[in-house]
Amino acid sequence: MQFGGRKKKISTIPQSELYGQHLQFYGQPPLENISLSEFETFAAERLKLLKTVENLGVSHVKLTDPYRRKLESQLKALNFPYRPDADDKKSQSGPIEYEKRRKDHISHFILRLAYCQTEDLRRWFIQQEVDLFRFHFTELVPKQQLAFLHKNNLHYDTISSEEKTALKDQLINSSFGVSGIKVMEHEFYKVPFQDALDLVRLRKVYLKQGYAYIPHQDIVTIVLNDFRTRLSKALALTARSLPAVHSDERLQPLLNHLSHAYVGQDYSIQKNVGKISLDQIDSLSGKSFPLCMRQLHQSLRENHHLRHGGRMQYGLFLKGIGLSLEQALQFWKMEFIRGKVDADKFDKAYAYSIRHMFGKEGKRTDYTPYSCMKVILSNPPSQGDHHGCPFRHSDPELLKQKLQVYKVSPSGINQILELVKGMHYQLACQKYFELTHNIEDSSFSLNHPNQYFLESQKLLGGGKDIKREMDAPQRSQENSASKGSTGTQEVAANTSQHLAEMTEDLESFFQEA
Ligand code: SF4
């Protein structure tokens, strides 16, 4: 992929050949120039899509009708290719469809760059891409599946009717859920046995002369294994080339930002300032704070101190829910001077950093409260720290005890721990929300601790004003993306600034005094 300010296609492959099918194996990276703003938009939209895939995978049985319907509607909404055989054939091959397939291709490769950086990121990305691929592949009719396999050099052939008749008994006896009628009606694939080890291990297929005979419904297992293996290798290779990519100062901040990206509302803009009094914080922490913030608040009250990771995470959250600078100074000072810090030391060592957080010192940047992705993926807590996401960073036994203290029912705790085991931390948090608010379905997709707070307040009837006032602002990333290619330099500059905010400047002001 090449990057530049202007869109200039250098590929000589005809459009119809480049994206002949709506489903791709992503064997070849894109070879065209794209603008940075398109780069950013594509990446943000694929991330939204993969988040939907993750949420649906946990809240629904995969590939059931509701799962398919919801995923299809998100694919449509985000303008990704979604169906191999629509009634309107023209729309499946025209320029609009081409643009969707191009976006699918390019956005996949952008996220590869962003999500190859750590084991956690790679695992998450592979899982969502595999689920998305499974959805698309199982939408294909058998003939299209075969064409797809051949196009991608997976030479798995179906066996002839004569061979089926000759092997009928063996196929019925060896294949899972296959009757005599099904053998004749459905396709069987002949696959080298080493490509079908999972099915061989489970004794689900007939083996003969080094080949496994795979019933039509199981071929997806083989293809998915192949897809997963290729993607995993590709991510490892991509990770090796990262130093070169990171040397490009336009891309590095974008990619870092993406891997911690949260696509949704920006909670840094305070329009609800002063709506919350300091007296309310204790009760709000029990009712409307997510577990990460409840834990930080409790530690602050108990120890009269928080280390810098906790102060940043909690301080920005409090700012996001509406504490003014004066309130924040008062809040932190009152608590710290109850511990080992006297008023003078607080004013010298801590007050500056709080004013800085509100954009009143240094570069005067208005800092953004941390999203769940940022909390989960960066700066894990060490001994003595209380920041981080309890669903990601707490030992399961400790998490269980904490949930018991907070009066979550035993069955609720089990559900949460199951989600944690599957590494669905935000969904575990959402389950905690449902259990503590006594509702069946929270009907939002949790991305941000401040979103948790607002949804809770809305539900408890205390957040109508706050919610309304905070609906307008959207992430600068989305705004800048919509400015088009003329805004490229501005996008890069903004993003660099954002990264600087996150990584260097603020941190230095929060070091232990
Ligand atoms: Fe906090 Fe998000 Fe973790 Fe919930 S999922 S505890 S809101 S970081």
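Residue numbering: from 1, along the chain as shown.
Glycine is treated like the rest: Cβ placed from N, Cα and C.
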Of the residue ranges 379-408, 469-498, the one that TrEMBL records as region 'Disordered' | 469-498
Can you check what DSSP calls Cys389 ([4Fe-4S] cluster binding site), collapsed to helix, strand or coil?
-> coil
Starting from the Cβ centroid of Cys292, Cys372, Cys389, Cys429, which together make up the recorded [4Fe-4S] cluster site, report each further residue of the same chain whose Cβ lies within 8 Å of that point, ordered by sequence.
-> Pro290, Leu291, Val375, Ile376, Pro390, Phe391, Arg392, Tyr425, Gln426, Leu446, Pro449
Minimal Cβ count within 10 Å, across the binding-site residues Cys372, Cys389, points to Cys372
Could you tell me which of these binding-site residues, Cys292, Cys429, has the greatest number of Cβ atoms within 10 Å of its own Cβ?
-> Cys292
